[in-house]
Amino acid sequence: MTLPIHQYPALLAKKAENLTALLAPFNAPELDVFASDTSHFRLRAEFRVWHDNGDLYHIMFDQATKQRYRVDQFPIASQLINRMMTVLLAEIKGNELLTRKLFQIDYLSTLSGQIAVSMLYHKSLTEEWIEQAKLLKQRLIGYGFDVQLIGRATKQKIALDCDYVEEALNVDGQIYRYRQVENSFTQPNGKMNIKMLEWARACTANSKGDLLELYCGNGNFSIALANQFRKVLATEISKSSVESAQYNIAVNGVDNLQIIRMSAEEFTEAMNGVRVFYRLRGIDLKQYDCNTIFVDPPRVGLDQATLEMVQGYEKILYISCNPHTLADNLKQLTQTHRIERCALFDQFPYTEHIESGVWLIRNNQVGEK
């Protein structure tokens, strides 16, 4: 697999042109465009495993033809993943316990040098498998890997030591530490994530009052933004993400951030007094003066009720993984707010995917940060 690196500037320019056109009806200012590294930028990857007369190798499927193809090196993935791909298969080849009915391998790496390898099977994992996996892990450590090894099968998950890696990001000269659990969402392009965090901090610099974040995940944004605000209230529905967020809050010494496990839609109902939630016991929403809201919704964008709630805030920071639903949401948001800043973050080079951000301020807040 080779990358069209020489085409990257033109591909990025085309994305910027497309996003600029989508934002044009809303009087958006000039885009801040953040380019990615042109190779080895992706920190996670997953592959099917193909067994062929005693040999085995990683495969992927062509999106157009659906035909499988062999993958020995994967230049969009981190150097760490590429090195592990080669060493891992060499170490398990010929080991019946570790290779039999192995159908997929997932890799999660970090900028900090740690990597988690998840091996997925169409069989139950036995004590014998665990013993062989422990020996495999020791051999991988012998190669210099800081590795966690996880086995998964139907209704089974075995982490030899733990099921997470620890990331460290240098954001505006400060190190933020994040626990990232395998098979949970993490930002795939680590260096671009840093650029997104720094852009979000630049937008919210000198903010007054409190911040509300919907869809906070493992606290990626809310932790980095916490010292910009008096207090931060954040929501997330995934149990594993909430647990990671709580750990990340503690390890970063953040004392003004509260995470609530509920969906954005449920929180909207709570704010509007539609329902009373047991999960909100002990949390007095009236103690928060949230004049800024941060949203990073799924591809479908914000639902109508949440969109209306978001309009009630003076300042809106909206990170989008789908510029078309962003544009659709902006039709309503720009009735009350104006776009002060907008950005393109090239999380996924060589694809049509566009990650973007907009910073909106209520129309009567002229000249205010």
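Here the Cβ of each residue, glycine as well, is placed from N, Cα and C on the backbone.
Listed features, source Swiss-Prot:
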BINDING   Gln187, Tyr215, Asn220, Glu236, Asp296  S-adenosyl-L-methionine binding site
ACT_SITE  Cys321  active site, nucleophile
ACT_SITE  Glu355  active site, proton acceptor
Cα-proximity to the residue listed as 'active site, nucleophile', 10 Å cut-off, over recorded positions Gln187, Asn220, Glu236, Asp296, Glu355: Asp296, Glu355
Other C-beta atoms that fall within 10 angstroms of the C-beta of Tyr215 (S-adenosyl-L-methionine binding site): 21
Listed in sequence order, residues with CB under 8 A of Glu236 (S-adenosyl-L-methionine binding site) and six or more positions away: Tyr215, Cys216, Gly217, Val242, Ala245, Ile259, Ile260, Arg261
Neighbour-count leader, CB within 10 A, binding-site residues: Gln187, Asn220: Asn220
Lowest local Cβ density among Asp296, Glu355, which the record lists as recorded positions, within 10 Å: Asp296
Rounded Cα-Cα span from Glu355 (active site, proton acceptor) to Gln187 (S-adenosyl-L-methionine binding site), Å: 11
Alpha-carbon spacing, Glu355 (active site, proton acceptor) to Asn220 (S-adenosyl-L-methionine binding site), which is rounded to whole Å: 16
Helix, strand or coil at Asn220 (S-adenosyl-L-methionine binding site) [DSSP, three-state]: helix
Residues within 8 Å of the Gln187, Tyr215, Asn220, Glu236, Asp296 Cβ centre (excluding the S-adenosyl-L-methionine site residues themselves): Phe185, Glu213, Cys216, Gly217, Asn218, Gly219, Phe221, Ser241
Neighbour count (Cβ, 10 Å) for Cys321 (active site, nucleophile): 18
DSSP-derived class (H/G/I helix, E/B strand, else coil) of Glu355 (active site, proton acceptor): strand
